[in-house]
């Protein structure tokens, strides 16, 4: 056997070893629900998008019930710019007026959602695109953001327009889909009882869905490896109390704070464990679920 044949044999042996070692994890998650929040750089990279779709297809084929929730901030900003719609910001947060929320719904529940559905379907599965309006799945209320002025230390409440937070989740439709061959792909748009449409932060939306489904795992695909310590080293596992302390001592800071707070709330609402992982790593979902070392920061109660 020459060097080329040896090399090919080694590759096949490694693939076989991975499949063999993955079996206990596949059995662990069989018939369980895994919610995956898809966002960040991975959404803008065609190769990563195809790898993600293949991961989701493999989960379904392994007897797992995946539910995908996606964001789309950069794509919304791009369409607003093309349409000549100027955004107004309060403390760095976009104010979503009536015209903008129409664009948000068009982009999130329309083009982005259907692109993800098509990617998963191309892998031989049946994905279906939905948002909070479908089947009265999610109802939202207007969200208010409280900020403290750094100079005066006066607390101020920001009105961000048609930005909402989920207050009711009906799992009926998702349970029906879990019993079928369908994979739900959810856009974070929902109605209010007031008849208005609200744009919801995708992380918060995913947390609410995972909590309502009492998911085995909630995975957040991000642009970072996970939660890092002050030396930049990945923290492999955290409890809620440990995460709270890391927020207090500012080890966890900036945009990671609301993400970790969403993780903690999901755990309190019945999710078994939450993982923050790097969506820029191809097949990170499989690495997290089907290997001993995982692929990010595991947060548990």
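Cβ from N, Cα, C; glycine included.
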For the substrate site that Swiss-Prot gives as 72, 73, 94, the extra residue out of 136, 199, 245, 249 is 199
Using DSSP, would you call residue 37 (site 'Transition state stabilizer') helix, strand or coil?
-> strand
Looking at Cβ-Cβ distances, which residues of the chain lie under 8 angstroms from residue 37 (site 'Transition state stabilizer') while being 6 or more apart from it?
-> 69, 70, 71, 202, 203, 206, 218, 219, 220, 221
Per DSSP, to which secondary structure element type does residue 94 (substrate binding site) belong, with helix, strand and coil as the options?
-> strand
